[in-house]
Amino acid sequence: MALTLSFSLPLPSLHQKIPSKYSTFRPIIVSLSDKSTIEITQPIKLSTRTIPGDYGLPGIGPWKDRLDYFYNQGKNDFFESRIAKYKSTIFRTNMPPGPFITSNPKVIVLLDGKSFPVLFDASKVEKKDLFTGTFVPSTELTGGYRILSYLDPSEPNHEKLKKLMFFLLSSRRDHVIPEFHETYTELFETLDKEMEEKGTVGFNSGSDQAAFNFLARSLFGVNPVETKLGTDGPALIGKWILLQLHPVITLGLPKFLDDVLLHTFRLPPILVKKDYQRLYDFFYTNSANLFIEAEKLGISKDEACHNLLFATCFNSFGGMKIFFPNMLKSIAKAGVEIHTRLANEIRSEVKSAGGKITMSAMEKMPLMKSVVYEALRVDPPVASQYGRAKQDLKIESHDAVFEVKKGEILFGYQPFATKDPKIFDRPGEFVADRFVGEEGEKLLKHVLWSNGPETESPTVGNKQCAGKDFVVMVSRLFVTEFFLRYGTLNVDVGTSALGSSITITSLKKA
């Protein structure tokens with residue numbers, strides 16, 4: 001949905017090595033006298049296991065796994081059943097889409113918080129053309145360019161393009177808070193009006209429009225509603241993203257139709273060619289200052305524009321489209337007590353800041369910050385990460401060591417890694433104050449939504465999300481703005497192709 005240069009959010013120092021209660025150590029206690037005891041820990045040597053699982057017969061195995069993943073079991077049961085079968089959080093399987101879109105669906109799955117971080121180690125894994133998994137969407141959907149998200153840090157263009165994204169974020173930092181306030185005040189006014197008229201209101205459509213308007217206004221200095229694009233942005237982006245992600249999503253159609261339509265053959269890029277051109281024209285017209293910086297970095301205007309479009313529409317808008325409804329769902333389910341605590345904390349700090357939302361004021365809201373981190377832990381906007389082993393590796397789970405051969409593809413499903421019961425208490429629950437206090441803050445290194453630990457920062461040498469701090473900031477702004485205006489809410493939750501579908505059934509103003 002990534003930022004270090006100017007939106008860097010201060011965190012306590014978490015880089016010192018503090019033994020976790022889950023570390024694989026056996027204590028040895030030596031008594032020297034009646035008054036002194038020395039506790040020495042020694043690591044337990046884990047046994048080496050062959051990676052369990054198999055890929056089945058060519059063609060048939062990948063197809064069967066695809067049907068299980070999407071229809072017969074669903075994602076969670078797909079992984080849980082294999083953990084139980086193999087008695088391991090690391091195993092071999094096929095990942096969609098399989099035939100006939102990808103020639104090699106074979107992966108090694110990592111489903112625990114100990115093994116998962118290897119996917120962030122640029123010295124051990126390569127990220128080239130693995131952003132969407134075992135298949136790569138046609139570059140016809142991105143102007144003929146391999147976009148930043150598909151580049152490995154070792155590729156020359158990676159550094160140039162990531163620097164451009166850092167520049168975009170840092171150069172517009174002063175516009176984020178005021179534009180967010182204006183845009184989301186408009187959204188809340190629309191929700192209020194519809195609630196008065198109908199008694200309930202759908203959240204997703206208005207949230208999508210607000211997200212796109214905010215990104216355009218804050219990062220590019222233009223309100224899209226006042227341009228030729230009008231209010232069409234979210235719909236155009238939705239169709240364009242569908243053409244890229246259809247092999248790994250389901251639309252809820254009848255099983256056979258859904259599988260044949262989405263997972264068997266690539267949909268032709270020509271279906272969204274005119275839509276994409278409208279988006280491209282919008283960004284090209286409003287990126288003059290960014291093109292100057294791009295040319296300094298050795299990037300052409302055309303390549304810069306396609307990358308800016310992708311970063312804004314796919315990464316940022318796509319992330320907000322998925323995450324904001326999921327976060328609101330979790331907050332609603334947290335109940336009135338948490339809502340009251342949030343409202344009191346937020347209103348008190350904003351009042352102390354002279355009635356304005358500031359970065360400093362938000363830093364003094366520990367519960368609000370924890371709620372955002374917990375939402376990112378429970379429902380990360382990007383659930384899957386991939387990497388290709390650069391060399392023969394040994395990867396540890398909590399229970400064993402596994403040997404991986406050079407060239408094998410590693411796949412991590414983050415909602416399992418960030419709900420690891422050996423790291424988190426009540427891992428499947430949304431615990432609003434989980435990250436409050438010194439002990440809570442120590443757990444932030446296990447929040448991994450940004451393609452890296454929350455305690456680390458994006459650089460040109462890694463694949464951590466360039467807008468990491470930006471995403472955290474706008475998520476905090478959403479919670480802060482919401483509880484300045486409202487006291488509590490109730491929602492009904494449905495499903496959508498990307499995330500949750502939210503209907504607000506009650507909304508109490510402050």
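Each residue, glycine too, has its Cβ placed from N, Cα and C.
Of the residues LYS124, LYS127, LYS198, LYS422, Swiss-Prot places LYS127 in the same heme b site as HIS158, LYS162, LYS463, CYS465. Scoring each of the binding-site residues (LYS127, HIS158, LYS162, ASN315, LYS463) by how many neighbouring Cβ atoms lie within 10 Å, the top position goes to LYS463. In this structure the C-alpha atoms belonging to ASN315 ((13S)-hydroperoxy-(9Z,11E)-octadecadienoate binding site) and LYS162 (heme b binding site) are separated by 13 Å. According to DSSP, HIS158 (heme b binding site) is assigned to a helical segment. Listed in chain order, the residues near the heme b site other than LYS127, HIS158, LYS162, LYS463, CYS465 are LEU148, SER149, LEU151, ASP152, PRO153, ASN451, PRO458, ASN462, GLN464, ALA466, each with its Cβ within 8 Å of the site Cβ centroid. In this view, CYS465 (heme b binding site) is surrounded by 25 other Cβ atoms within 10 Å of its Cβ, with every protein chain counted. Cβ neighbours within 10 Å of LYS321 ((13S)-hydroperoxy-(9Z,11E)-octadecadienoate binding site), excluding its own Cβ and spanning all shown chains: 24.
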